[in-house]
Amino acid sequence: MTPARFIARQSLAGLTRDRSVLILIAFFAAMVLVTAWLGWSATNTVNAIYADAATYLSASGQPVPPNPVSQTASLAVLRNLGVYISLIGAFGSIVIGQLLIETDRRAGTLPLIGARPFERRDLALGKMRALVTATGAMMAVAGIISVATLVTIPSLVVGPGDLLRLALFLVAGWAYITIFGFLALGAAARMPATASGLIAATVVWLVVTFVLPELTANVHPTAAINPVSTLANTPDLGFFHVMSRVLGPLSLAEGFAWLSGDLLSFLPDGLAPRGPIPPAVTLSVALILAGLFAARSAAKLDLNAGGPDA
Amino acid sequence: MTNIIPAVSTTGLSKSYGDTVVLHPLTLDVPKGEVFGFLGHNGAGKTTTIRLLTTLLAPSSGTTRVAGHDVVSDPLKVRAAIGYLPENVRLYDRFTTRENLTFFARLSGVANPVDAVRETLDFLDIAPLADRRVGTFSKGMRQRVGLAQAILHAPQVLFLDEPTSGLDPMGVRQLREIIEKLHARGMTIFMNTHLLSEVARSCTSIGVLAHGKLVFHDSMQAVADKYDERSLEDLYVGVAARTPEVAA
């Protein structure tokens, strides 16, 4: 095993013993369950109403229209999942990214690690590996709950194509939340004050989630937490058209919402992504840039517990 | 008993932060097998010196070799040859002693971490603490576990930064006994301390740092020969007081 793997393993073990992380992940899992329940409940309600209506129409000799559930893509029952990933998932990732640095700083173990015979880049790689694994575990939880939901709703037909789209959606969700985790990790490594990294990454997350959508498409903060209203068309005003093109590539929350709608098949017909660059590209580029920031910052982490306090 | 290549050798080693000089050019040799006591007032530059020697800080100038390796051009070899106990070591509170030590043994590249941890726990007589969480420990117990992480890979040179800080008299005595045992094994020990009584009992040579300058360096035997009518405290106060603070 390499030093990076030892560091990743130790960091992950530390996260599993941190109550705040466990609470956040449990909350995330609970909200995914709520998403699943909402989808399951709405589908069952529609099915029940349709069954009653079909019985009545048959009895009165009228033609029975097709079940609206069968007209909707199966994955659309998970439409709320994207919102919880972009809100709770991303914030959880920020907390984890910050804790990966803060735990060692608080424990006073950075000098002990720094006096060990391995390259500084291994420390960065180990921390990043731990983050990637933790966010991957969060998305795996979301995936398991989602598949269980799809399987337990009898009227839904889920084919291999749907599962592939769900897998791609989970990968996109993982990339999205990991971006913020990398930012928090890098900011925590660069800023010696305890909460600075957390605050810096949270500010970026708030801007991406609530401010940019308002500038590009007049999507108000309350609407930004709605999976459907987030996917509004750009208002027909010059300002928003310009801002949409300029800020669209930076508006990662909107990019992820568009990808969610596309992959889970609830994207309104003809809705184009904000800006000229496809969201999959902007998310990938953002992930790479955030990863480079985290790697560079963690490799230059001050391993002395404090300043020049000789 | 000394070997030809010193365990620690600095020539003009210095450290500055902007215009503030924390350590003036330091030239110092610590032979192998010595227990070197590095004395100095608060803020004299002792911790900075240890951080430079352990590769945690980059020097502003000068050359430094630890265990025969250059700290700038060959930091990995230096780190492989040293153990380090910082002042006020804490460790991972939520992990047991064994888990903490196994992690650091692995990072040090120890071939068999399980055996190394067990042997170190036995050597320091802290085997009963092995499966207890470090977060529940007193300062003295924590210090011993901290010392365990510093020696479990059998380093050639051990750096101790104020190892007796905050320890009760029993803890100080136990630490002294451990240092004597490590010295008997041939380990070179470089120890920052304020405790002159410990220097007198444990060290084979001393250096005094005042305002970032080395103002005294000699063997304890020479100190005893030259200053037999004076206490170590008088010597320390005398040499430290003669050195005015140097404006940066």
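The backbone N, Cα and C atoms fix where each Cβ goes, and this holds for glycine too.
Taken straight from TrEMBL:
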{"type": "TRANSMEM", "residues": "A:21-40", "note": "transmembrane segment"}
{"type": "TRANSMEM", "residues": "A:81-101", "note": "transmembrane segment"}
{"type": "TRANSMEM", "residues": "A:130-157", "note": "transmembrane segment"}
{"type": "TRANSMEM", "residues": "A:163-186", "note": "transmembrane segment"}
{"type": "TRANSMEM", "residues": "A:193-212", "note": "transmembrane segment"}
{"type": "TRANSMEM", "residues": "A:277-295", "note": "transmembrane segment"}
- Message: Pairs of Cβ atoms less than 8 Å apart decide it: which stretch in A:130-157, A:163-186, A:193-212 has the most with the transmembrane segment (A:21-40)?
- Response: A:130-157
- With Cβ distances under 8 Å as the criterion, find the stretch in A:81-101, A:130-157, A:163-186, A:193-212 that has the most pairs with the transmembrane segment (A:277-295). A:163-186
- Message: Cβ under 8 Å, sequence separation of at least 6 from the ends of the transmembrane segment (A:81-101): give me the contacting residues as numbers and ranges.
- Response: 11, 14-15, 18, 20-21, 24-25, 27-28, 31-32, 34-35, 127, 130-131, 134-135, 138-139, 142, 146, 169, 173, 176-178, 180-189, 197-198, 201-202, 205, 209, 225-227, 230, 253, 256-257, 260-261, 264, 294, 298, 301
